[in-house]
Each structure stands twice: as structure tokens, then as C-alpha cells.
Amino acid sequence: MIGILKKVFDVNQRQIKRMQKTVEQIDALEPSIKPLTDEQLKGKTLEFKERLTKGETVDDLLPEAFAVVREAATRVLGMRPYGVQLMGGIALHEGNISEMKTGEGKTLTSTLPVYLNALTGKGVHVVTVNEYLAQRDASEMGQLHEFLGLTVGINLNSMSREEKQEAYAADITYSTNNELGFDYLRDNMVLYKEQCVQRPLHFAIIDEVDSILVDEARTPLIISGQAQKSTELYMFANAFVRTLENEKDYSFDVKTKNVMLTEDGITKAEKAFHIENLFDLKHVALLHHINQALRAHVVMHRDTDYVVQEGEIVIVDQFTGRLMKGRRYSEGLHQAIEAKEGVEIQNESMTLATITFQNYFRMYEKLSGMTGTAKTEEEEFRNIYNMNVIVIPTNKPIIRDDRADLIFKSMEGKFNAVVEDIVNRHKQGQPVLVGTVAIETSELISKMLTRKGVRHNILNAKNHAREADIIAEAGIKGAVTIATNMAGRGTDIKLGDDVKNVGLAVIGTERHESRRIDNQLRGRAGRQGDPGVTQFYLSMEDELMRRFGSDNMKAMMDRLGMDDSQPIESKMVSRAVESAQKRVEGNNYDARKQLLQYDDVLRQQREVIYKQRQEVMESENLRGIIEGMMKSTVERAVALHTQEEIEEDWNIKGLVDYLNTNLLQEGDVKEEELRRLAPEEMSEPIIAKLIERYNDKEKLMPEEQMREFEKVVVFRVVDTKWTEHIDAMDHLREGIHLRAYGQIDPLREYQMEGFAMFESMIASIEEEISRYIMKAEIEQNLERQEVVQGEAVHPSSDGEEAKKKPVVKGEQVGRNDLCKCGSGKKYKNCCGIGK
């Protein structure tokens, strides 16, 4: 084990040694950079850009560019980056993660690679977790970049399209991760390329990279529209679930957070809803609503998972403790919680476009990130994002005192000890930061401190508006600050001069399921070589301890006759807690990896559709593409109607009817002409006739209008079909895990079925576009926007007359009968698709 650790450590050491040599090169350039005037320093930017056009690379420019930024930072910001910050900048430029401890100046470090990569003119995105940090960094660090002649933009949620375009056109753009993802999705829903805001994704530096790429990796960004569904079922399911008793009617597994009806519960449901079998296919919706109501009542807790604010359910981010306004749980869980809390139930939504942060950020040519805590997730960063974690040494050694955990028998004993510790430290004037996992814990400690007469600030999702002010005051003498999780991350706690010698005390009220979050809390103390102390208080009733078998420990404490006020300080327990955390982290990583495997199926499909949309938007003339679609549609129709081996069984009448109804006019293609041809020869005369009709249509209107009409039709069909496909893939995903019971790998099944559904969607797109182009009359002065919304297109009269049902030769096949082609599928899912 020690050998492995040494090996890992050595890899990091080797990287540091290598970067140290580059730092020495940068230092050696200082005497030639320092004497330059401000104008000469700014002129370096133009010089670098010219050198890039002549064939030099950004790697060649690195030492000189970093030396220029260091000198500019000293002049403009009054801050001179240390050697370790230069190392952090090199690691970022190379597309890695710089692990730099709290207070080591990550924001200043980022200016070095940001400047260097912005010289290419392709744009650099600096990504933060919230708009406050984006605005702060853009205004503070923006001065430095503007001094050097680069343009800086900030991308905010409230901005208009024109303002966003300007922000993205800048050399450097500051933005939140959410806004970047949503802009990407919106860009792929617009109808004119002038409406796009983003440029191709070149280089991004993510601040607090673990928060965005690990904690939020499973959170999909969704743009949705309304799906009209009744809210009554939620009310009924909610009323029913209120009558259930734990363990008798349902079982709840604390470890997996799984809740399900027992036999008694199922019987109760069947009686309550007057049905014979709850698991009958026709009761799928009811069962789903009952399950979601159960989850709302048993798994989801008010003030921990969500809060009720102004008559709405607002989700609480489990990692940052912030309120996530505008976000909703999917699959009807949000509506179930609304029913539980008695607020207005809002309609379920239909997904129009979706992407996860994992897949969005993997589209950048180069990606890097900074954080104080990434080493525990190194495997994930390497495997999923191809980024190495490089631990950058601190500028001054860390002298913080990290004490062993104190473990109490009950929660009550633990909280009494926490409050006593806070009171004692407060009397001595030492500033204290108390970290809690849930909002309710922070409010409980707040009440206990108020009773003791200790003034304090509370920082949780309910009052995050004052976040920066509260954090700024947290290091002054006698300050007591209670923070949920890592609210306030990204803002440093600076110590008052009169407490520099004692430092900040950090008290953790329970261990988080992720070691990383605990390390972040510890890292708030002892920044830049300051003193500090950290202490975690645990109890046998904490969720992490409950989930991973603390019964034996509790029994031992009982046997030893230990009361609530006596903690045990045991290496064994600390190790058990750490191994429990590792297990949870492993489970969470597996879940994220699995999500990525599933999401990759949709990612590949999304890339195909978005690439086609882009081509359509940029193309001047779509006629060639549309003719290709018509050819495919005709070939599919011919194959479908001539698949029998015996010629007499071919359904030529059905083929002619199909062509007359969807593509041509009555009499354009005759049965007797086609009967003389082999199937592979039939397509040619049909396509020739189609092109003839297409030419006739071209003569009826100006060319510009025809080209616009083609675009309109393609956009309308592709967007409608793609939205329906996303919805269908959602449903497939929800039901696919049930296949595991049949000894089938659900992921492989999802990939195969998803691919088949995608192919079927492409065929359907081609057919519908061909039909619209050949059969629709268009109004003059048509607007692309109007038509995409379903106006201005009318089926022509000759198309109406030809609408005869395709005839199936010989024996009629019922929609639910097995298909005659021998595929083993039902007729409606095989040869009868679309009939």
C-alpha cells in the first residue's frame, strides 16, 4: 500500500519538478519585462498574436506570456503571482486540474492560462458556480485582461440575445455552468444562424471543478414545454399514501433510499381504488403516481431536500445547500411533493432539449479546472474527462490542527457538546465556523446558541442573498457563523488582525457522505499558513453511521455504561467512517458512470441531429438534401410493398396509393408500369417523376421563397420529431431496468432499442419532409417562425382527393396480429407502421 502511495506521490512530484523548470524560465524573463512601459506591455499582446499566425504555438509562448501577465497583475491589481500560482497556471494550460488549497489564490492563477489561450482569438470560457462569482471575477480580473488589450464579456441569465452574442464574441467570457449549457441547447433550437450566441467551444477553465463535474454531473439541463396532464391523480395518490403505515403497508431501505409497497399496501391500494390488480398494464399510471407519492412522503424531507417558499416547492442543492429556483424534480415527483405540501400542483413538462454537464463540457477542445479538493475523485476525472489532478504545493506550510473525531451516543449529546465548544471559543474571542449538512440542523444549533445568548450569523439556502457579507465577517473576533454544507464557497474567510495568532475554528456537526465535502470544510481554516483548528462531532444516530452499521458500536457504548456527555475518540471509528464514505463515493461514481453510458446513447443521436440542423441553417440551397430524403423514402416504400418472395403477393396497388397520397398526383405512376419492373428498378421512374413535380413547384414561386420554404419544412419536421424522440427515449429509459430481471443487460438493450428508435425517427423525418415539400401549398411572404409554429402551410386540393387507404392484398391483417413477414412482431410495429 505504501509503495502504491509513493508511486502516486512520485508522479505528482515529477510533474511539480517539471513545472518548476518552466517557472525558472519565467523568472529569468522578469528583468527584460519589468522595465517595459504600460504601452509596451500592452503591445506584447499584438506581438504574441502575430507570432501565433507565423506558426508558433501557445506552448512556445507560455514562459513569456506568463511573465507579461505577472508584471501586469503587479501593476493593475497590486498582486504578484507566486511561483506556486505559476505552476497552477501551467497545469491549467495543459488541460489538467490544479488542486490548490483554500486561500492560495486560484482566481489570480486562472488569469495566466486565460490570457495565453485567449491570444488564439477562439474564445476562453471561465466557468463559476454562481453569477455573483462570475460578476466579481469578471470585474476584478477583467481589469487585468483589458489592460493587456483583450476583450472581456460576462454572460448572465437576464441578458438579451444581443448582449449574449457580444459576451461570447469577447476574447474571454465569464459565465455560470448552467447558463453555458442552456445557451448551447437554445442555439440548437433557433431558426436563423444570426440568432445563435455561442462560438465553437474552445477552452474552458472551471472554478470549483469538483462541484460542477462531480456533484452536479448527474443533473441534466432540460428545456421543457408544457405537457397537458391531469393533476387529479396526484391528489388521489397523496390522500391514499397518508393512510399507510410504515413497515406494515410499505418498506423503506435507509441505505438505498428505496421505498415500496408491501403485500398489505398493495391490497389496500386495490381496495381504495376499486381495482382487481394494481400491476395490470392499464393501471401503470396509477401505480407510478402512488410510488411517487410514497417517495414524496417517505424519502423527501422538508427543509432538507426542499423548502416551501411563496407557495412553491424549491429544491435545495444537497452539495452546496443553495436553493435551486426554477429547477423541478422530474417524472412527477415534484407534483407529488406539491400535493403533499398542499400547494398548487403545476403541470408536468415535456422535454424539448436536454444535456448533462458531463457531455456538455466534454465538447470543449481543451478543458481544465481548479479546486481545493479533487484528489479523492482523481479516477473519475481521469476516466471520464481525461484530466489529471495535479496537487500544487502551498506557498506557506499548513499549520492547521485537524483533530480526531469525537463520537457521541446520541444526537442530543453531540449537539450539547457542539454548543458548549462554540460558547467556550466565543468567550475567548476565537472566530468559529460551524458546518452542517441540513438546513434543519443549522436552525437547531441556531436556537440552542440563541438560548445561550451567543450572537451568530446563519448561512443556508433560505438567506443566501447575504452570503458574501456573512462570509466576509466570519473571520473577525468572536464571530460565530453557521453554514449549511459549503454555502459561501468561492469567497475567502479572511482573519481579523486581532485573531491572527489563534486562527479560525471549524466545527463539523456530522460527516458528509463525501470526504471531499469534509475536506472543503476543514480547508476553510488555516489558509495561507494561518493557524486554525478543525473538529468533527459525530453521533451513532447520524445518517452515515446509521447507513453503515453502527449498531455494534452503540451496543458497546451501552455495555461500557457511557452516558451522552462522554465522547469516544477512536481511530477505529474514524477508519470505519472513512471506509463508509469511500463506499458511498464508490457507489456514487458508479451511478455517474452508468448515467454517462446511458446518456452517451442520446449524446450520439443529439450530435447527429444538431449537426444536421447546423448544416440546414448554413446551407443556401437544400434541394439536394431533400432529393436524397425523397429517394430514401421511395426506396423504403418500394421495399415495404414488395417484400414477399412471390411476385403475385406484392402489394403494387398499395404502393401506388401510398405514392399518390404522400408524394405524387393521381395518375403520375400507374400500376401496370410498375408491375413490369423488378423491385430494384421501380424506384428510378418514381424518383424521376418526383423530380419533375419538384421542378414544376419551383416554377410557381421565386427561388428565394422556395429555398425559405424548404428550410421551414425541414426545421418544423426535425424539431417536432426530435422532441417526440427525446420523450420516447425517457420512457424507454424508465422501463428498461425491469429487463434486468429477464437476464438481459438493460444498458445493451437501451442502446439497441434506442438506435432502432433513432433510425425509425430518421425515416419518419425523411418521409414527412418529402410529403410536406410535395403536397403543401404555401402562402406568399411566409415567415419561418410562423410556419415552424404550424401556421401558413395548407395541404393542396389534389393531395386531399388522393387520400385513399393503402390496400393490403389478400387476407386482411389485424393491427395486433403477428406480421406476415415472419419477423415475430405485431403487424402495427412492423410492416403496418404508419398504416
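Every residue, even glycine, has its Cβ placed from backbone N, Cα and C.
Look at Swiss-Prot and you will find Gln85, Gly103, Glu104, Gly105, Lys106, Thr107, Asp492 tagged as ATP binding site, backed by sequence analysis. Under the heading Zn(2+) binding site, Swiss-Prot lists Cys819, Cys821, Cys830, Cys831, citing sequence analysis as support. Look at Swiss-Prot and you will find 788-807 tagged as region 'Disordered'.
Among the residues Gln85, Gly103, Glu104, Gly105, Lys106, Thr107, Asp492 said to bind ATP, no two Cα atoms are farther apart than 17 Å.
Shown in sequence order, Met79, Pro81, Tyr82, Gln85 are the residues of the chain, 6+ apart in sequence, with a C-beta less than 8 angstroms from the C-beta of Gly105 (ATP binding site). The highest number of surrounding Cβ atoms within 10 Å, among the binding-site residues Gln85, Thr107, is found at Gln85.
Annotation note: Thr107 (ATP binding site) sits in a helical segment as assigned by DSSP.
In this view, Lys106 (ATP binding site) is surrounded by 24 other Cβ atoms within 10 Å of its Cβ, with every protein chain counted. Mapped onto three states, the DSSP output places Asp492 (ATP binding site) in coil. Look at the binding-site residues Glu104, Asp492 and count other Cβ atoms within 10 Å of each Cβ; Asp492 has the fewest. In sequence order, Met100, Thr102, Leu108, Thr109 are the same-chain residues whose CB sits within 8 A of the CB centroid of Gln85, Gly103, Glu104, Gly105, Lys106, Thr107, Asp492, the residues recorded for ATP being left out. The Cβ of Gly103 (ATP binding site) has Asp492, Arg527, Gln528, Asp530 as same-chain neighbours under 8 Å, each 6 or more residues away in sequence.
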